[in-house]
Amino acid sequence: MAAKARAREGQAPISTPPSPPPPWALTRGLSIGRFSWRARIGPHGDPPTNSGARAGAGRDSARHRQVAPGTAGTAERWAAAEAERSADSRWASVSARAAASCATLPRPAMRPRTLAALGLLLLLLLVLPPPGETAKKETPCKRCRELVDKFNQGMVDTAKKNFGGGNTAWEEKTLSKYEFSEVRLLEIMESLCDSSDFDCHRMLEEHEERLEAWWLRLKKEHPDLFEWFCVKTLEVCCLPGTYGPDCLECQGGSQRPCSGNGDCRGDGSRQGDGSCQCHVGYQGAACTDCADGYFSSLRNETHSVCTACDESCKVCSGPTDRDCGQCQEGWVREDGACVECDSTCVGCTGKGPGQCRECVPGYSKESGQCTDLDECSLAEKVCVRENENCYNTPGSFVCVCPEGFEETDVACVPTQPAADQVTADPTQAPPREDL
């Protein structure tokens, strides 16, 4: 009516601005595909539906619009969602008007220095790799496993929930039980990816329909989501104990890879060669043999256990120093046991400095045992520089200049006093300038 009145008065009619897009359209990129609560709220506050699953399963969408007395909780929730959408629409309208106002303001001309800085920034953006490229990217198997782990955690977190309405019994009877409902699936999937995890969002967007199909139709037949999704469907992982493109068994078998004594290269992935990286004390293709310094304490058809030898043994058949097959270097067998040679010995026939075959440098045999040699008392000087002092130490010696002398390559020379410490000769006449 107001527009017609303005037309009769010769004034241009006021054009009605177009309605802002619904909030689910604005937030589409931030939601998880079709599984956005706002995107699934109908224009009249309808409960959430799923067009893809509804078409595939032949479900009647009209049953989702049934509202029975006593379902105040559900109705209030849908009403709150509608109010939130209206508030978002008003906010989007205000933002659009503010942007239009800013667009009409004059723009200051760029200074040459600003242009140069902008050019440098663009160059850096072209040359430098994105932040995510600097770190090692996760393998497809790891990303898939993390997604499945979060999905399983979401199932645990929602296990004791329900629709939350005032008449839960009616809701579960009419809308299907919450345990198997699309509402629960939506809550799980919306918590799978962090807001900044681009790879997770991309993977979820790409395989969303597969996860929905598993939830609605295949979960009972394939209860292990990791095996169904990551191993059999996407083929980016293998089951534990297998490796490589064809998921072959690791060395030692898939039940106990590497006999439980090592790590299978590529275990659980489509990579690696299946070889074993043995733990400390084990060796061999399947990590069933004992390394030097270890002995087999248990071995049967399924298990092989290696235990450390006594420190005196290089190889052994048991845990004590009497079980040594060969003594470690610096040890010698005496009375059936490996005993440690004295530190002054080079080889020995028993324990103690009196059992040395030879003495280490700096020691000599006196009365049948290795004793320290006093090099400073020898007839031939060991400290050959002039004014140098010799001091004996256990097994060696040191040469030091005495106090008041400093060291040179050929001698110890008296230290020269500093210029400000020189004492004037009282018999010498003072300089002319001091007179």
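Each residue, glycine too, has its Cβ placed from N, Cα and C.
Taken from TrEMBL, the feature region 'Disordered' covers 1-75.
The compositional bias 'Pro residues' annotation in TrEMBL covers 15-24.
A Cβ distance under 8 Å defines the sequence-distant neighbours of the domain 'EGF-like' (246-288), meaning residues of its chain 6+ beyond its ends; these are 139, 141, 231, 235-240, 294, 299, 302-304, 306-308. TrEMBL lists 246-288 (among others) with the feature domain 'EGF-like'.
According to TrEMBL, the feature disulfide bond maps to C278-C287. Counting only residues at least six positions away in the same chain, the Cβ atoms of C258, N261, G262, G284, C287, A291 sit under 8 Å from the Cβ of C278 (disulfide bond).
The domain 'EGF-like' feature in TrEMBL is assigned to 372-413 (among others). Summarising model confidence by region, the domain 'EGF-like' (372-413) averages a pLDDT of 91.
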Positions on the same chain near the domain 'EGF-like' (372-413), where near means CB under 8 A and six or more residues out: 344, 360-364
Structural state census, the domain 'EGF-like' (372-413) (DSSP three-state): 3 helix, 18 strand, 21 coil
